[in-house]
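These features come from TrEMBL:
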type     : residues : note
DOMAIN   : 600-666  : domain 'CBS'
TRANSMEM : 68-92    : transmembrane segment
TRANSMEM : 153-175  : transmembrane segment
TRANSMEM : 195-215  : transmembrane segment
TRANSMEM : 227-243  : transmembrane segment
TRANSMEM : 255-279  : transmembrane segment
TRANSMEM : 328-348  : transmembrane segment
TRANSMEM : 368-385  : transmembrane segment
TRANSMEM : 441-461  : transmembrane segment
TRANSMEM : 468-487  : transmembrane segment
TRANSMEM : 515-540  : transmembrane segment
Amino acid sequence: MVSSGAMSASGNLMDFLDEPFPDVGTYEDFHTIDWLREKSRDTDRHRKITSKSKESIWEFIKSLLDAWSGWVVMLLIGLLAGTLAGVIDLAVDWMTDLKEGVCLSAFWYSHEQCCWTSNETTFEDRDKCPLWQKWSELLLSQSEGASAYILNYLMYILWALLFAFLAVSLVRVFAPYACGSGIPEIKTILSGFIIRGYLGKWTLLIKTVTLVLVVSSGLSLGKEGPLVHVACCCGNFFSSLFSKYSKNEGKRREVLSAAAAAGVSVAFGAPIGGVLFSLEEVSYYFPLKTLWRSFFAALVAAFTLRSINPFGNSRLVLFYVEYHTPWYMAELFPFILLGVFGGLWGTLFTRCNIAWCRRRKTTRLGKYPVLEVIVVTAITAIIAYPNPYTRQSTSELISELFNDCGALESSQLCDYINDPNMTRPVDDIPDRPAGVGVYTAMWQLALALIFKIVITIFTFGMKIPSGLFIPSMAVGAMAGRMVGIGVEQLAYHHHDWIIFRNWCRPGADCVTPGLYAMVGAAACLGGVTRMTVSLVVIMFELTGGLEYIVPLMAAAVTSKWVADAFGKEGIYEAHIHLNGYPFLDVKDEFTHRTLATDVMRPRRGEPPLSVLTQDSMTVEDVETLIKETDYNGFPVVVSRDSERLIGFAQRRELILAIKNARQRQEGIVSNSIMYFTEEPPELPANSPHPLKLRRILNLSPFTVTDHTPMETVVDIFRKLGLRQCLVTRSG
């Protein structure tokens with residue numbers, strides 16, 4: 001029998017969980033968020049704000065501020081990402097030139113800026129001015145000769161080693177998460193995984209500083225991938241200032257998707273390409289509202305970068321090109337060949353790099369990250385210096401390879417034999433026979449290509465910030481430029497061949513080698529990352545070559561087909577699997593013909609399922625269950641005999657609820673009964689106070705029957721972003 005006094009006492013018990021307590025609804029590190037719960041929490045929050053807004057003017061203003069907070073966050077992300085990208089570009093420019101010399105009038109000027117400010121610079125010798133001195137001129141007062149060359153060589157290596165050592169030390173001591181590209185982790189975080197600290201303030205600061213150092217050191221890596229990570233750190237910082245985003249992990253990921261778009265926007269000067277990159281490559285959940293906000297964030301970021309004008313050419317684009325000849329149908333064949341090369345390079349790079357990274361993880365090599373960076377930097381600097389195409393920064397190299405040969409170009413790649421009788425407008429120079437400089441450039445490019453292919457495999461994945469876009473584009477641009485020069489010379493010497501006869505007459509400007517470099521760059525980048533639509537848009541925004549969309553599309557699609565023939569994984573997906581992150585790729589096909597009953601736990605022969613009953617377990621029973629198992633949650637059933645499902649309770653919230661109840665509610669002891677029902681169970685008169693935990697119970701967990709095909713279950717997990725799914729039979 002139950003005494004009426006005990007009944008009234010338990011009936012009047014304060015359900016302390018009617019008031020929210022700290023940390024409920026949050027997630028532990030390296031756990032996955034519950035997208036459905038986050039969505040419903042946001043809907044509830046929005047409903048409350050809407051109903052309150054009718055009560056007073058102040059509440060109405062608060063509702064307006066809440067509605068505008070998303071756009072304010074986007075504005076702030078765009079401003080900060082654009083500013084950081086501009087500062088990084090300017091600093092990289094100066095520190096890259098510092099390896100070769102110094103400006104006497106102001107040591108913080110890069111070579112180009114130094115010569116701009118000089119009154120003694122002539123157009124012919126625009127790279128030489130008295131104010132800029134190489135290290136040999138400054139220390140030995142010599143600019144030519146063996147001793148000058150050796151000193152410049154040594155200074156180049158020493159600066160490279162210093163920059164790389166500083167970078168790896170800062171990453172190791174202050175922000176271990178600042179290493180790598182960041183895109184595999186961003187993809188995983190956007191899919192709903194929690195990695196605390198990955199987008200923190202220290203990571204933002206250290207990644208920005210070390211990115212300048214590693215790019216300046218001359219290592220075979222780019223700053224574009226890490227800039228996406230930097231922009232997402234900005235997004236995480238600003239979203240933490242607004243409770244709408246800081247308290248809802250699902251909403252926070254909408255902000256991070258837009259921040260990724262802003263990152264690509266400033267990395268390449270490609271706002272539309274950035275939005276498409278976020279949609280195609282990194283985002284998991286991308287509603288229409290996020291599309292507009294991404295567009296706005298990318299626009300603000302691009303505008304900010306344009307205001308800083310880091311390239312000094314009043315353009316956003318890194319490699320602006322202006323070709324004067326159209327492309328011809330016959331050229332599609334070499335473009336498709338470049339696509340095949342890009343696909344093969346992508347496959348080779350992914351497999352070799354993953355094999356090397358796996359070796360780094362499983363052997364003693366991984367214990368010496370600083371030594372590894374120093375050795376790779378030393379090898380890179382020693383081999384790179386003698387070849388002018390590997391000595392210059394990779395961005396400058398790509399820019400030179402993309403360039404069309406005008407009358408004012410001084411590059412070796414433009415050393416053609418001119419016809420003295422030529423009287424044509426400056427920007428429509430006909431095809432000419434290659435001179436000595438072009439042949440020298442060809443074998444130097446071939447050596448540079450082999451070097452880049454090999455060294456990039458060992459560089460990507462070290463404990464420093466390292467992007468992959470620029471090295472991949474450099475490999476493709478070098479291969480493309482060589483193919484372009486080959487086709488150009490073939491057309492010049494054999495213009496009577498049937499394939500050239502219709503469109504390449506003597507004295508005409510038929511083939512543009514720079515266009516082949518551009519197509520090759522797109523093909524190699526597509527082969528490595530498996531991007532298609534966003535890649536083509538980024539490439540034409542990057543170069544301004546809107547007329548050449550078809551060649552770019554042909555190369556991008558071919559490279560994806562070829563690379564996919566050897567394996568569906570791009571480099572980022574491969575790194576996600578290597579690191580063991582939980583990521584359900586939308587592009588993956590599930591081919592197994594199994595049912596939910598074949599996959600669910602526990603299976604036949606295993607211990608029975610760990611469950612909670614709705615009103616018969618004590619606090620001690622639940623604490624023991626939590627201690628003995630490592631499950632993230634437990635189904636709540638009517639009783640052990642009738643395992644009919646009532647709901648689902650998360651492990652973390654059970655622990656927090658019991659801890660808070662012990663602190664705030666009198667009479668809660670180890671043998672207190674826990675109940676998940678509306679009314680307390682009937683208890684003997686002398687029993688301790690029961691503990692009501694209805695508030696933390698999820699009354700509508702997602703369930704499937706035991707005969708649901710696994711293909712459907714996987715699809716449900718992908719599309720709804722489920723954390724867990726319960727398999728039932730007859731309820």
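For all residues, glycine too, the Cβ spot is worked out from N, Cα and C.
Automatic prediction, not curation, is the source of TrEMBL annotations.
Each residue in the domain 'CBS' (600-666) gets a DSSP state, and the totals come to 24 helix, 15 strand, 28 coil. Listed as Cβ neighbours of the transmembrane segment (68-92) (distance under 8 Å, sequence separation of 6 or more from its ends, same chain) are residues 208, 211-212, 215-216, 223, 227, 230-231, 234-235, 238-239, 241-242, 244-245, 255, 258-259, 262-263, 265-267, 289, 293, 296-305, 307-311, 393.
Long-range contacts of the transmembrane segment (468-487) within the same chain, counting only residues at least 6 positions beyond its ends with a Cβ under 8 Å from a Cβ of the stretch, are 181, 220-225, 267-268, 331, 334, 337-338, 341-342, 345-346, 349, 389, 394-395, 397-398, 401-402, 413, 434, 438, 442, 445-446, 448-449, 452-453, 456, 459-460, 511-525, 527-529, 571. Residues 153, 156-157, 160-161, 164-165, 167-169, 172, 217-220, 360, 391, 451, 455, 458-459, 462-464 of the same chain, all 6+ positions outside the transmembrane segment (368-385), place their C-beta atoms under 8 angstroms from a C-beta of that stretch.
Sequence-remote contacts of a segment are chain residues at least 6 beyond its ends whose Cβ falls under 8 Å from one of its Cβ atoms, and for the transmembrane segment (328-348) they are 453, 472, 475-476, 479-480, 483-484, 487, 499-500, 503-504, 510-511, 516, 519-520, 522-530, 551, 554-567, 570-571. If you look at the transmembrane segment (255-279), the same-chain residues 6 or more away from its ends with a CB under 8 A from one of its CBs are 70, 73-74, 77-78, 81-82, 84-86, 186, 189-190, 199, 223-225, 227-232, 234-236, 238-239, 245, 285-286, 290-291, 293-302, 304-305, 315-318, 469, 531, 533-534, 537-539, 541-542. If you take every residue in the domain 'CBS' (600-666) and average the pLDDT, you get 86.
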